[in-house]
Amino acid sequence: MAYYNYNLINKMVTIIFILVLVIVDVTMVFGQGTRVGFYSSTCPRAESIVQSTVRSHFQSDPTVAPGLLRMHFHDCFVQGCDGSILISGTGTERTAPPNSNLRGFEVIDDAKQQIEAVCPGVVSCADILALAARDSVLVTKGLTWSVPTGRTDGRVSSASDTSNLPGFTESVAAQKQKFAAKGLNTQDLVTLVGGHTIGTSACQFFSYRLYNFNSTGGPDPSIDATFLSQLQALCPQNGDGSKRVALDTGSVNNFDTSYFSNLRNGRGILESDQILWTDASTKVFVQRYLGLRGFLGLRFGLEFGKSMVKMSNIEVLTGTNGEIRKVCSAFN
């Protein structure tokens, strides 16, 4: 007669169940087919080349950091993180109005050229962009995170597909709907929009808030009065709409929580930024990032990395589903 140690069997079953949950969780976080260190044997210098390239360009032009971060966001929200934003030519995503002010393409092209010289046909442009976005945070004094790689590049890029990008006049409800459609929750929304702690906006995208908000004949009442006069001086009525203004006043090149402090003080630049403070469902996360008394604190730098990993695995292509472009601005 066989004897069984049922306590041991139960423990083993429990361990196996936990391992399955961990595997499922990792798949959900990193995405199907992507993993940290994907190029460790096939192109071990890939990540260091991207990082040094971003750092080099940033030293001569700090605007490339927020540019690359925004570019990655716009890439992922349209057809997934497949590098389709990088394709040049008539009618491509790159030419669509929401992408007209994107910058940093030359950084990706530079990194790709260097990588092709040592590892031809191995590293995708989609991965280079994901890595460059992370390194843009690093060079602006933010926390780093591990980027899962292994994406392949898409073969489609159409300007007509950009309508699902969140807009600067949209309500929180509309933004939440667009984020949810990509598997991102309200905390992810507040966290990722917090990337506006670096970068600038043109006057044309917010000057309507300063003079005739919603056809009221007056300014947006959520703007701090002192700040309003400063913005009106920077962006006079009927003035130069292309003039750039820092999205995070007083901390434009530092990746920190100053952006959230500005929202609390009525100093958000874009309407879609400031309403994160006035809407209860998003305000709580702003308060948590600020560490306000009575709220469970969150570390913005840490959570930003987590949300970026989630976003960077939206609808990714892997294996034969895509290609490894020879040049990032053109299909093979």
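Just so you know, glycine gets a Cβ as well, placed from its N, Cα and C.
Unlike curated entries, TrEMBL annotations are predicted automatically.
According to TrEMBL, the feature domain 'Plant heme peroxidase family profile' maps to 33-332. Marked as disulfide bond by TrEMBL: Cys43-Cys119, Cys76-Cys81, Cys125-Cys328, Cys203-Cys235. What TrEMBL records for His74 is active site, proton acceptor. According to TrEMBL, the feature Ca(2+) 1 binding site maps to Asp75, Val78, Gly80, Asp82, Ser84, Glu93. What TrEMBL records for Pro166 is substrate binding site. Taken from TrEMBL, the feature heme b binding site covers His196.
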For Cys81 (disulfide bond), the one of His74, Asp75, Pro166, His196 that lies nearest, given that the recorded positions are compared by Cα: Asp75
Distance, Pro166 (substrate binding site) to Ser84 (Ca(2+) 1 binding site) (CA atoms, angstrom): 18
Non-site residues, in chain order, whose CB comes within 8 A of the mean position of the CB atoms of Asp75, Val78, Gly80, Asp82, Ser84, Glu93 at Ca(2+) 1: His74, Cys76, Phe77, Gln79, Cys81, Gly83, Ile85, Gly154, Ser157, Asp161
Local Cβ density at Cys125 (disulfide bond) - other Cβ atoms counted within 10 Å: 30
C-alpha spacing of the residue listed as 'active site, proton acceptor' relative to Gly80 (Ca(2+) 1 binding site), in angstrom: 9
Rounded distance in angstrom between the Cα atoms of Cys76 (disulfide bond) and Asp82 (Ca(2+) 1 binding site): 7
Fewest Cβ neighbours within 10 Å, where candidates are the disulfide-bonded residues Cys76, Cys81, Cys203, Cys328: Cys203
Spatially closest candidate among Asp82, Glu93, Cys119, Cys235, the listed recorded positions, to the residue listed as 'substrate binding site' (Cα to Cα): Glu93
Candidates Cys43, Cys119, His196, Cys235 (recorded positions) - the one closest to Val78 (Ca(2+) 1 binding site) by CA: His196
Within the predicted model, mean pLDDT of the domain 'Plant heme peroxidase family profile' (33-332): 97
Cβ-Cβ neighbours of Cys235 (disulfide bond) (radius 10 Å): 22
Sequence-distant neighbours of Cys43 (disulfide bond) in its chain (C-beta under 8 A, six or more apart): Ile115, Val118, Cys119, Val122, Val123
Spatial neighbours of the residue listed as 'active site, proton acceptor' among the recorded positions Asp82, Cys235, Cys328 [C-alpha, 10 Å]: none
Candidates Asp75, Asp82, Glu93, His196 (binding-site residues) - the one closest to Cys125 (disulfide bond) by CA: Asp82
